[in-house]
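> The structure is given below, and queries will be raised subsequently.
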């Protein structure tokens, strides 16, 4: 039967036990404090053992997370490089699952606080390797890529040989800015106009062939191969345009129409454009009996630059009137008239990498290379080269452009587009570098000057993914060494 004391307190106690026996006594000399609230969770707010006396505890130790240093095992709050905020939610959930919901109060600790999380927790890569570590990325030359903060080291500039690997004598090569006397065919044959003659030099075996002699009353003003490389056109001092079979050294046709010298020629896939000192541009079609099929009138002075775009849709022409005109293939009027140059425009090049991108260079009073968007006529950039710009050629292997110059430095410059940083500056000619042509593989250029030399330079790398070409000997389209 329950005792009256037990009923009064509301506790069910075993027989023979009183309520006072449950009271915890405070031992003298000890700083242990008993828990007074039996209904609350068991916590220990202060525990320090006395050095003089040993005390015993009647319960197991259960730590309080708020007084522990579990925050040192926190996750790094680092944004995802791919999705902003993507790691933040995941890290918050992971901390809550591992360490409880009360751990969140430490997640915002500053980097300088004693409770800030360790930066090496849950990471595959340390911040930096020691300078003497054999596994340093600077020694191995690579990084494991786990840190998005690690940037790829800058690529060293490509080395371009400063001297030509071959020099040919070219007696009677004229020092005339308005002529175009050197061209390299797709079948690896170089054509050069020397005085009244045109010579063919095979890059495969260095064999020289005399194609023609115009006689004492005429002279060669321009040469231009067809894109297939079998036929060559010759512009003469008397205003004629002759077409020759380069393989048989046989003249195919002579076409008139110009009143004076024909200084520039440009083939597309079907027709031939010729520019003259008479300020006109004529369009010739070998399939038609007439000398020319159309006449483009727009320049006010001698036409000295002509280039078809790679898709044959546009023809760019430059003149001694400082104008750059762009013609549509079906129009008799220029679609664009660009007048920013302040000197004659001979140097013209279409980009093989971007449609509608045109580069042009001005003469001595201009010295600038300008880039144009022919779709809207806007000038994209202008670079002052410091010298007369005589020729431009765009590499088909890499997005770079080469320019040759006259007064006053006579240099050859290779530029990276679109940054227009200089890759190389080459010197060697003692006079204006008036002539420029590129090998069919796009690696070698040949330059000519009034110093009566032709110099061959290796300036561009090979194509990264070259198309296999069957080698057929002399007329191969593949890579041929020039020795």
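Glycine is treated like the rest: Cβ placed from N, Cα and C.
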> Can you dig out which of the ranges 109-164, 165-220 TrEMBL describes as region 'Disordered'?
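That would be 109-164, per the region 'Disordered' entry in TrEMBL.
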> Looking only at residues six or more beyond either end of the repeat 'WD' (426-459), which have a C-beta under 8 A from one in the stretch?
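Distal contacts: 160-177, 179-188, 190, 192, 203, 229, 388, 390-393, 395-397, 402, 404-407, 409-414, 477-480, 482.
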> Give me the DSSP three-state residue breakdown of the repeat 'WD' (338-382), ordered helix, strand, coil.
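Helix, strand and coil residues of the repeat 'WD' (338-382) number 0 helix, 24 strand, 21 coil.
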> What counts of helix, strand and coil residues does DSSP assign across the repeat 'WD' (426-459)?
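Once the DSSP states are binned, the repeat 'WD' (426-459) shows 0 helix, 17 strand, 17 coil.
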